[in-house]
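Colleague: This is the structure, below, for whatever I ask next.
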């Protein structure tokens with residue numbers, strides 16, 4: 001009998017739960033259509049579930065006065081939010097409060113005279129939104145995705161460093177350490193979300209203790225990809241999937257212990273589907289042997 005262990009911290013975080021709840025509640029209160037500006041969270045299956053309820057992801061082409069638009073959990077630049085309100089749309093801000101804290105941090109550092117380094121993925125919606133707030137408070141800064149990106153920061157005497165909320169803690173520390181070697185004054189505001197840290201620590205603990213590790217989450221989810229990379233370093237038999245349909249029977253041949261973790265945008269119902277499918281695969285292999 002296979003032992004399936006779900007990581008202590010896995011799946012929906014506070015910010016994602018809040019965004020999904022706001023989307024569901026908006027359906028009861030809206031007179032017009034309900035949209036999200038882009039996918040509300042990075043999980044295609046949950047986005048599709050909300051779409052079936054009547055919450056449609058959009059880039060804004062079909063918005064009409066009186067419609068409801070929900071700002072995604074990752075946030076958007078302030079100028080975009082202002083443009084939505086000017087169109088006569090009802091705007092519901094589902095930006096994660098922890099992401100809002102990053103917006104406040106970059107403006108605080110700007111007011112204090114620091115050049116801002118944002119450790120994150122350059123094309124991630126959260127980073128794009130945060131850069132919008134940095135512009136709005138007349139700040140200057142760069143995004144650091146790899147250590148090769150820090151060059152511009154080293155030209156400044158005072159550097160303030162923040163992180164995308166779902167950033168890898170080890171890489172964040174590495175960037176801080178490298179910049180501190182070369183810059184006269186460094187101020188660090190650790191804006192990595194506690195939920196991200198807990199999920200990463202849970203994976204570090206579980207991955208070495210199992211034969212196979214399954215990481216569930218959207219392929220476009222930065223925090224899920226980081227869980228996968230962390231797990232893969234500790235357990236080569238790590239696989240990143242979105243749904244139970246992607247599970248391959250050969251992954252589980254001769255396996256006794258399977259670990260499961262999931263990104264912050266992965267709902268419980270998908271985790272349960274994956275767990276059930278693994279049980280079916282392993283029981284089928286026992287019968288055939």
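Residue numbering: from 1, along the chain as shown.
The backbone N, Cα and C atoms fix where each Cβ goes, glycine too.
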Colleague: Determine which of 261, 265 appears in Swiss-Prot for the same (2E)-4-hydroxy-3-methylbut-2-enyl diphosphate site as 42, 74, 124, 165, 221, 223.
Modeller: 265
Colleague: Starting from the [4Fe-4S] cluster binding annotation in Swiss-Prot that includes 13, 96, which of 137, 193 is the extra site residue?
Modeller: 193
Colleague: Widest Cα span across the isopentenyl diphosphate binders 42, 74, 124, 221, 223, 265, in Å?
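Modeller: Max Cα-Cα spread across the isopentenyl diphosphate binders: 15 Å.
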Colleague: Listed recorded positions are 13, 96, 126, 193; which of them have CA atoms within 10 A of the CA of residue 42 ((2E)-4-hydroxy-3-methylbut-2-enyl diphosphate binding site)?
Modeller: none
Colleague: For 42, 74, 124, listed as binding-site residues, tell me which one has the smallest number of other Cβ atoms within 10 Å.
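Modeller: Across 42, 74, 124, these binding-site residues, the one with fewest Cβ atoms within 10 Å is 124.
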Colleague: Tell me which residues of the chain lie with their Cβ under 8 angstroms from that of residue 221 ((2E)-4-hydroxy-3-methylbut-2-enyl diphosphate binding site), as long as they are six or more apart in sequence?
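Modeller: In sequence order, 42, 43, 263, 264, 265 meet the Cβ cut-off.
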Colleague: Show me the subset of 74, 124, 126, 165 whose Cα is within 10 Å of residue 193 ([4Fe-4S] cluster binding site); these are the recorded positions I mean.
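Modeller: The recorded positions close to residue 193 ([4Fe-4S] cluster binding site) (Cα within 10 Å), listed in sequence order, are 165.
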Colleague: Within its own chain, what residues at least 6 apart in sequence put their Cβ under 8 Å from the Cβ of residue 223 ((2E)-4-hydroxy-3-methylbut-2-enyl diphosphate binding site), listed in sequence order?
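Modeller: For residue 223 ((2E)-4-hydroxy-3-methylbut-2-enyl diphosphate binding site), the qualifying residues are 166, 196, 199, 217, 263, 264, 265.
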